[in-house]
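What follows is a set of notes on a single structure, which appears directly below.
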Amino acid sequence: LLLLLLLLLSRLGRRGAAALEPAGRAVLITGCDSGFGHLLALRLHRLGFTVFAGCLCPAGDGARRLQREAAAGSGRLRILQLDVTRARDVLAAKELVLSHLPERGFWGLVNNAGISTFGETGWLSMEKYEKFADVNILGSIRTTLAFLPLLRKYKGRIVFMSSIIAYFALGNGIYSMTKAAIEKFCDALRLEMKKFGVRVCIIQPGNYARSTKIQPPISAEEIWNELSEEEKAVYNKEYVQERANFFNSILSEGSTNGNEVVDAMVDALTSPAPKARYMVAKLKEKALVFVCALFPTTVMDSILSYALSK
């Protein structure tokens, strides 16, 4: 009963507080070349925010399209070079933001940039593990540490892109690992930032592979060619093909409506009382998370093993 009362009070608080005024507030988003970052940059620009859109390839098709789509606005969207694995890019982004701050200052940082791949644990090289950790984990930490002083000053928001895959792994353990790490980083940061009035939010999308293109279809031949001789001695091409077909079938079921996730990101940035976590997923995906969180590990292992066997 106490928990229900607290939930009711939190919902009433979200409804009763005044809405945020976007004009004069700046937001930096990483990974705006495509996917959620691209959609969010346009949405925030149209709402009236000053948007700094970090792109890995500022001269690429995605960045140019973003600039064209925002051209009808008042010049409040800026494209900037931002590779989150490079400290000098992050520092240059901070300097650009500082030199173009609107009157209400720096309101939000959205750590959206990320990469994904498929492969069983022994199939992936150490170099690939290092790359994924650098982009998906250290990249978010690198940008967060750089902008924390501004966020504390203006009592802003930090939004992180996680995934329901943080709760379980199904053929992409390397991606799951990085998202689980981000979840724990956010849990610590959220508590530490409360005393400064800074809100920290996590977005947990389900399968939106068709919307973001973060994970292209898998080629069994390419996977096989990259395997070490030791791994080839354990697995055969038929097994690799079966796993690739399975993973590709999951990708093909992904939602194409990325705006569902962007809605959650906008709420995290604009709500007077944002949630700590926003899970945007299908019912069956939420059910998997529920089972993973509340049932013994052997139950979840049995479910995933059954799925893989099919």
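Every residue, even glycine, has its Cβ placed from backbone N, Cα and C.
As annotated by TrEMBL, signal peptide applies to 1-19.
Among the features that TrEMBL reports, transmembrane segment is placed at 158-175 (among others). Packing against the transmembrane segment (158-175) from elsewhere in the chain are residues 31, 36, 108-112, 114, 116-121, 124, 128-129, 132, 136, 140, 144, 151, 182-183, 185-186, 189, 193, 198-206, 215, 243, 246-247, 250, 265, 268-269, 279, 281, 285-286, 288-289, 292-293, 300, 304, 307-308: each is 6 or more residues past its ends and has a CB under 8 Å from a CB in it.
If you look up TrEMBL, you'll see 287-308 (among others) marked as transmembrane segment. Residues 164, 167-171, 246, 279, 281 of the same chain lie 6 or more positions beyond the ends of the transmembrane segment (287-308) yet place their CB under 8 Å from a CB of it.
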